Amino acid sequence: MTKSQNVDPAEIKKFEDMASRWWDLEGEFKPLHQINPLRLNYVLEKTEGLFGKKVLDVGCGGGILAESMAVEGAVVTGLDMGKEPLEVARLHALETGTKLDYIQSTIEDHAEQNPQAYDVVTCMEMLEHVPDPQSVITACSKLVKPGGHVFFSTLNRNFKSYLFAIVGAEKLLKIVPEGTHDHEKFIRPAELIKMIDNTPLQELGITGLHYNPLTDTYRLGTNVDVNYIVHTQNLTQ
């Protein structure tokens, strides 16, 4: 598989078809809007703030996380392969007066052209949508400066995550559109950490993301059975 081929056209089309609804707080991307404050605060805490730092958001989609990091004073670049979501992201940034850049490119190509260019790299809810997650993780490690931070979030692969993320979220509660996820592409924490260990990155912490269907709210916690975030740092000199 070459650098430019680590893309699933069906995955790109899936999110392009929903592009116009990225910023609908009650639409298909409502869960991303709900968890965004948690993700943002986690990144802010672990990096001791983003003001003035160069940040790359990989698989940025319509720009929900990217734009919120720019509001915190970061110099943000959003990266995605979907043309339609990027157009929505640019338009929303224009409407809100938020300054950031968006680029249509694979992470591998961007890493080749921008080695050690960023203080912080975020790769949220993206690894489970590509054919070769190791390639993405390696590229992220090349993009971050020595001492810089990289964050990965994805879904665990087990029976509980199938019940919660596929049966519950997609089929019963209709929180996200049916077919959004493929359970076989979910990644166990041990598998993700093994891929991280193949790079200069070092895993510093892992936290779970929990959904309460009774209150329709999310919180961070120690259980990583379904959604989880891994914090890593490039500790090379």
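Note that Cβ sites are derived from N, Cα and C of the backbone, with glycine treated the same way.
As the structure is a computational prediction, the values presented were derived from the model and not from experiment.
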- Where Swiss-Prot shows ARG39, GLY59, MET124 binding S-adenosyl-L-methionine, which of ASP8, ASP80, ASP101, ASP197 is named for the same site? ASP80
- Item | Local backbone state of ARG39 (S-adenosyl-L-methionine binding site), from DSSP in three classes | helix
- Message: When DSSP is mapped onto helix/strand/coil, what comes out for GLY59 (S-adenosyl-L-methionine binding site)?
- Response: coil
- Which three-state DSSP class does ASP80 (S-adenosyl-L-methionine binding site) fall into? strand
